[in-house]
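Taken verbatim from TrEMBL:
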- A:233-263: domain '4Fe-4S ferredoxin-type' (DOMAIN)
- A:281-315: domain '4Fe-4S ferredoxin-type' (DOMAIN)
- A:575-604: domain '4Fe-4S ferredoxin-type' (DOMAIN)
- A:608-637: domain '4Fe-4S ferredoxin-type' (DOMAIN)
Amino acid sequence: MRIGVFVCHCGSNIEGTVDTATVAKASLDFPEVVYATDTMYACSEPGQDGIIQAIKDKNLTGVVVASCTPRMHEPTFRRAVERAGLNRFMFEMANIREHVSWIGRDREANTNKSVDLVRIAVEKLRRDAPLIPSKFSVNKRVMVIGGGVAGIQAALDCADGGLEVVLVERESSIGGKMAKLDKTFPTVDCSSCILGPKMVDVAQHPNITLHAYSEVDSIGGYVGNFQVQVKKRATYVDWELCTGCGACMEKCPSKKNPDAFNEKIGPCTSINIPFPQAIPKKAVIDPTTCRQFVKGKCGVCAKVCPTGAIKYDMTDEIVTEDVGAIVAATGYDLFDISKVTEYGGGRYPDVITGLQYERLLSASGPTGGHIKRPSDGKEPKNIVFIQCVGSRDKSLDRPYCSGFCCMYTAKQTILTKDHIPDSQSYVFYMDIRSPGKMYDEFTRRAMEEYGARYIRGRVAMVYPKGDKMIVRGADTLAGTQVEIEADLVVLAAGAEAAKGAPQLAEKLRISYDKYGFFMESHPKLKPVETNTAGVYLAGSCQGPKDIPQSVGQGSAAAAKVLALFSKDMLESDPQISRVDIKRCVGCGKCIMTCPFKAIKEVEFRGQKKAEVIETVCQGCGICTSTCPQGAIQLSHFTDNQILAEVNALCQS
Amino acid sequence: MSEAIAYYPGCSGLGTSKEYDTSTRAVCAALGLSLVDIPDWSCCGSSPAHTKDHVLSAALAARNLQLVSDMGLKAAATPCPSCLTNLRTANHRCEAAPFKAKVDKLLDDPYAGGVNAVSVLQALTEMVGLDTVKSAVRTPLKGLKVACYYGCIMNRPPELMAFDDCENPMAMDNILAAMGAEVVPFPLKVECCGASYGIPRPDVVAKLSGKLLDAAVGVGADMVAVACPLCQMNLDLRQGQVNRAGGTNFRMPVPYFTQLMAVALNIADEEIGFSKLCVDPRPVLSKALAVAD
């Protein structure tokens, strides 16, 4: 073998604390190394060209690059050596940036450690073998999980691109949080007027299959060939027959249930269609409140339904959908304001969330679009908005900014003035965060044109006095305490991960952060990809986002899916486990430990043997450390290679 | 059935809040909670020591905690939130070895650690329990509207006190409700009464305590139940000052919650000690109980 070693300066990132020229020189003493040099930026175009030229000039058959983490640039360099005619697996990386230069300041020690890491890489490379990926076919259907605005956008873009789309929505209608909003910032246009047509497009698109009131039960398979079990929860209404006429809702005798769509500030019937523009516009029975289920007798809806759609004996149903890619767009939920006991949310009816206030503003809400406070139905005159309730608050374990609250609060002050001209809005804020096109202008308009009084400071407590709510806080600009007699207090409740998000992440085999938000593949450069091939993210499931950002991500995720599906065949990663059938004794231990169910039992000349399913194996290597015979080996990471690395390190 | 806990009455318990002490002892005895006096107990290290020197303050507290340890007990109950704060703070600070070394230097017997201090309210809630309280009631406080006022330091800082909700505590409400009283939702449960400003700045106390009394009247309370000797003094003894300063006319009885418990448990009048209070609760109490009958 003829090995070339390239030691990268990474500008001053590595060269600052590592003598790269010395590392290159030392490499020449390693076995089979015939060429070594340092290079300014190995990943740049001249850097890559230098590698390619050296391969040709020096007849290199393997390359080591000592630079950064392989997570970012291993694919870059593999493509480069491939362009020079080598197999892409005849390449190794030594990480002398994250593992050396960034963590130590002692130049000599760093240089020595870098030499050791290159020595290890060379020993591994000497035992590398060319690997050829195999190809497998792609099922060009995509599943979108979550029918909020991000999921809707992803579904429509994929469907318009000619893909078959399966959209799964937990609630009985798509629309998500956006469907609950009255108006949207910074244009103050009606939320349902801009979202409604998209929802109708979903319903009417020939390429989209919608499973509403459904949840993902389990996910098997791999990129290009996922099998997803979808649990269609019992609605107790045959949706084939239901016309959405609403006769059942008019007659249902159980009318006083908290309405989830109206954020529980209005009542709804036990059989319910959540809102007039619902897609699909179909009724669902809540068996926890329905008299037929609770008391065993009623049956009014069954009697009045003109199409005989009511089916009290309906049960959950599991359907299997085969898809090639999955977009998770499961959104967010609101911080529980009752956890902030000093504000009295949950105890005092006139302390509500911003989303509840949206329902009070909305013409399809419980008050028909008239702002009436929940306690006595009176029109409030003094309204206090409190920002950052469950955002930017370490004491509540919510240190992050929810991003959109500053903007929706400004919008709500504007709408309040429109609804009640003699009203006065007060906003307690920490900082105003309005970085977006026309956003800062919007918050200024709320103050300057609509007279909202912004008070910089936190509120210490909210308590009732007579029929008023006393809001006591600090004005940190004036350096005084303030007390405001409010008729209504609106808390800008922060965003948190959707309920069940960690469980879904585990089904999708993707990572999530400590707050339950899904982890993107790279925070800057791969915002909608995950580390699991074929699984993409859109919208607030990755972190709080406003509507434009969510829509942008929906389209971005769709573009990723369309790019993936632009090929008829995908290449599998050849860095997978392989069984040496001569050594395998058929004990089956590897089958039991494989987390991906990628190993199956086969019979070979009457004997049991293990066999790896190439496309399912993720190359984790658990089986190789389980096998008592050493019969199963992970290609590119064989026992021999790892032992050679250890030897190189110990003998250095 | 009797459970034992060391009892630390604090200096107020021997003087200004004698009725809190006697009613606490009587109530715990009636409910089977055995309070064992700490022999030769001394100052908890509260004012003025803790404003001057944390080590001295902690040493004063730790001396008492070590006495509890010598008794073979692991916990002490005190009716006074100020004592409680200082005992718990001393424990917390002594978790740092360098600090504890300084404390131990001041003590004849070094503090062995591991003695937990709780409020009488917490002991009643956790060691006796609401069911026992409920079944022990002889004269239900039916018809009596009580605002429960916990004071600012009973539950705060929450990391240190580690009991009940720090902004909306419910332990006292739950106990008095179990005794048949109608507890009203009192929004200023943990607001400041003015505390020790009664001496240097009585105007501040008049304003802050006035707010509390006003809120109690606003929610229709017949009386304000308290758990702190200093709060009690500000709200009761200084009620005349509050009225003069604010032009109000409050006549709000401010008994200790243990006194109301004692009434419900038919404990003798001299142990209840209503006669020690400035605004006599007895007329309001007998009126409310009579209406309920």
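Note: Cβ is positioned from N, Cα and C throughout, glycine not excepted.
Any TrEMBL annotation is an automated prediction that lacks curation.
Per-class residue totals from DSSP over the domain '4Fe-4S ferredoxin-type' (A:575-604), listed helix then strand then coil: 5 helix, 9 strand, 16 coil.
Here the domain '4Fe-4S ferredoxin-type' (A:233-263) has, by DSSP, the following mix of helix, strand and coil residues: 5 helix, 3 strand, 23 coil. Note on the domain '4Fe-4S ferredoxin-type' (A:608-637): mean pLDDT across this stretch is 93.
Residue counts for the domain '4Fe-4S ferredoxin-type' (A:608-637) under DSSP (helix as H, G, I; strand as E, B; rest coil) come to 5 helix, 8 strand, 17 coil. Remark: secondary structure over the domain '4Fe-4S ferredoxin-type' (A:281-315) totals 9 helix, 3 strand, 23 coil, with classes taken from DSSP.
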